[in-house]
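Okay, structure first, notes after.
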Amino acid sequence: MNKSIVFSGAQPTGKLTIGNYIGSIRHWVEMQKHYQCIYCIVDLHSITVRNNLCSLHTRSLDTLALYLACGINPDISTIFIQSHVPEHSQLNWILNCYTYYGELNRMVQFKEKSSRYKNNINVGLFNYPILMASDILLYQTDFVPVGEDQRQHVELVRDIARRFNNIFGTVFKIPNVLISMYGSRIMSLLNPTRKMSKSDPDPNSYITLLDNVDCISKKIQGAVTDSDSPAAICFDPIKKPGISNLLAILSGISGQSILNLEESFQSKTYAQLKDVVIQELSCMLKDLQCRYISERSNEGKLNHILNVGSQKARMQAQITFKKVNELMGFYKES
């Protein structure tokens, strides 16, 4: 029996946080056992923000090496670079013509990013969700694992797919959202009401997968907690966002449930909680970093994985895009 298809992607920053790992990548690893997984390094999405384009190639390989170090297996999952499959961009233009301005204008993430990047509010940033729709719909995706902050984008993808299907018949599968109960949204260490982000101007607000032990210790020790006495270690994101964030991090890396952690820290201090988080994080990341160094040093292997992945992805993408092209009535090359 054919497995359901999961599609997910991340930008090639070359720098993933523990938020990326706990909220996304550890779930990607587990999903490989149950789904046909397609994981895309979305380099086209990444140019909506002004980064150093000269390093995009290097960052793409860094990101792949991190995926492998985390446990993504190219023998059972398809891993590829978005720009290597031109059907993404081609379908993007077609779906542009079946998406309304008002729909994009309601996207919360566009409003947040345009306020953050006031000198670069480009059309690509505005159209970002349509390219995301192309990414997902090309592969007849069943499930899209996303954080709560991306749910609105996937709902738009579903709306676009339904609209296209209503006009042309069933072309696209309507994807569903997969959201984990805990760990989908790891928050900033310094402002636990905001999502942890590697683009945060203060590096003490996040921990990357390549941070060393001293760096991890410093950042966790400086993480926001509470001033109540005696300490009350419980999961309550509204009343105790800092403590809840540390519990979510510890749960994500240790595999223990939030409930079990609450019980084990019932009579402990905030300092003791931080010490355990530091110990668990340092141990996990030390092993991961050793695997990363090994993978990143073999550039030939990385290139081979991407070449094979792109070929597999394009074969699937072309099936969908050919059907779309025929329905649109485009003149065929003779």
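From the backbone N, Cα and C atoms, a Cβ is placed for every residue, glycine too.
Per Swiss-Prot, the candidate among I136, I160, I186 that belongs to the ATP site alongside Q11, P12, T13, G19, N20, G147, E148, D149, K195, M196, S197, K198, S199 is I186.
Residue counts for the motif ''KMSKS' region' (195-199) under DSSP, helix first, then strand, then coil, are 0 helix, 1 strand, 4 coil.
Across the fold, the C-alpha of D135 (L-tryptophan binding site) and the C-alpha of N20 (ATP binding site) stand 20 Å from each other. Of all Cα pairs drawn from Q11, P12, T13, G19, N20, G147, E148, D149, I186, K195, M196, S197, K198, S199, which the record names as binding ATP, the longest spans 21 Å. Model confidence over the motif ''KMSKS' region' (195-199) is summarised by a mean pLDDT of 88. Ranking the binding-site residues T13, N20, E148 by the number of CB atoms within 10 A of their own CB puts N20 at the top. Residue counts for the motif ''HIGH' region' (12-20) under DSSP (helix as H, G, I; strand as E, B; rest coil) come to 3 helix, 1 strand, 5 coil.
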